[in-house]
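Trainee: According to TrEMBL, the feature domain 'G-protein coupled receptors family 1 profile' maps to 72-330. The transmembrane segment annotation in TrEMBL covers 56-82, 94-117, 129-152, 172-194, 222-245, 272-298, 310-333.
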Amino acid sequence: MCTMQMIMITGCQTGVFFSWESGGEIENPWMTFAVNSDGEAGMDRYTSKLSPAVDYGAGTFLLVVAILSILGNAAVLVTAAWRHSVLKAPELLTVNLAVTDIGMALSMYPLSIASAFNHAWIGGDPSCLYYGLMGMIFSVASIMTLAVMGLVRYLVTGNPPKSGSKFQRKTISILIGVIWLYSLLWAVFPFLGWGGYGPEPFGLACSVDWAGYQHSLNGSSFIMALAILCTLIPCVVILFSYTGIAWKLHKAYQSVQSNDNLPNSGAVERKVTLMAILISAGFIVSWAPYVFISLWTMFHSDGKDSVAPIVSLLPCLFAKCSTVYNPLVYYVFRKSFRRELRQIRMYCCWDAVSKMTLCIGAESSEETSRAQETAEE
């Protein structure tokens with residue numbers, strides 16, 4: 001009698017596979033994990049490896065991060081929509097960064113929060129694939145946006161500093177479209193047979209199957225390509241862009257010492273550049289511990305040197321804080337952002353008061369009409 005067995009994503013496997021066997025383990029050189037027909041091993045794989053207290057703490061922490069991320073990035077998007085007619089072309093990259101952050105918070109965090117309070121991953125393979133897909137799309141889109149942002153800032157920083165008018169909205173929009181296509185391509189590679197997604201060691205999230213590096217050429221080639229093309233190169237671009245900007249600003253500062261007309265524009269340029277540097281640095285610092293743990297897992301997935309579940313949890317939580325960081329930077333360094341938020345708040349309050357006044361006035365008129373009709377009768 002044939003029984004269908006579901007193989008979890010580990011090593012080089014790229015998704016959920018089915019095989020018709022009579023029971024027991026399935027021998028397949030591409031897979032390192034097999035589940036018997038009742039799925040007990042699969043359930044254990046998606047059970048939290050942490051204590052209930054740690055799970056509840058992680059769930060509460062993620063809930064706070066999700067709320068702050070959604071509110072902060074929603075504020076960025078609302079202010080961008082508020083001033084869309086005067087939005088400069090390079091600022092579209094800031095909007096795109098807010099989209100990636102709020103997209104991650106909305107599409108991923110609720111599932112992690114629910115799983116933490118459930119003390120087990122919810123949804124099994126389908127939700128794990130979904131979570132890995134969303135994580136890949138938004139994380140790659142974020143770092144590529146930061147890399148493009150650095151290049152754009154480098155190109156628009158002149159001697160003396162110039163405005164960003166040389167970049168048209170159409171050009172930036174095309175670049176943003178390329179970023180999303182590039183991110184989507186890497187996200188679907190595991191579904192096409194290259195690489196894979198799998199649960200994190202602590203059992204409450206899914207990501208790239210880092211342990212697959214040791215198990216097959218398929219897994220190792222995907223991870224190495226991902227590390228080089230989606231992490232190393234963008235970070236190098238960011239580093240060299242802002243190093244070049246610092247050098248340009250230094251030369252510009254020297255050249256305007258005898259010119260009283262340029263220091264103000266130079267100060268504005270330096271402030272904008274500092275804000276961009278902090279945003280990029282915040283993202284890299286937030287993700288650096290997770291990258292380190294992932295690299296360790298690649299080479300020490302088995303044996304006594306494997307990462308403890310609680311150790312793998314902390315960098316993951318820290319990385320998720322990156323979605324909260326950017327709106328805080330905008331709020332601290334951009335007076336215009338604070339001013340626009342106040343204007344929007346005042347507008348919303350005034351609109352609410354106006355509607356309430358109209359409603360009360362309409363009710364009063366209706367009551368007066370009824371009273372007149374009653375008197376006439």
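Cβ atoms here come from the backbone N, Cα and C positions, even for glycine.
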Trainee: Let me know the model's mean pLDDT on the domain 'G-protein coupled receptors family 1 profile' (72-330).
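Mentor: Mean pLDDT for the domain 'G-protein coupled receptors family 1 profile' (72-330): 85.
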Trainee: How about long-range neighbours of the transmembrane segment (222-245): same chain, 6 or more residues beyond its ends, C-beta under 8 Å?
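Mentor: For the transmembrane segment (222-245), the list is 12, 140, 143-144, 146-147, 150-151, 153-154, 157, 186, 189-190, 194-196, 208, 210, 212-213, 273, 276-277, 280, 284, 291, 298.
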Trainee: So if I exclude everything within five residues of the ends of the transmembrane segment (172-194), which remaining residues of that chain have a CB under 8 angstroms from its CBs? That is, six or more out.
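Mentor: Residues 9, 14-15, 89-90, 92-93, 96, 129, 132-133, 136-138, 140-141, 144-145, 148, 152, 218, 221-222, 226, 229-230.
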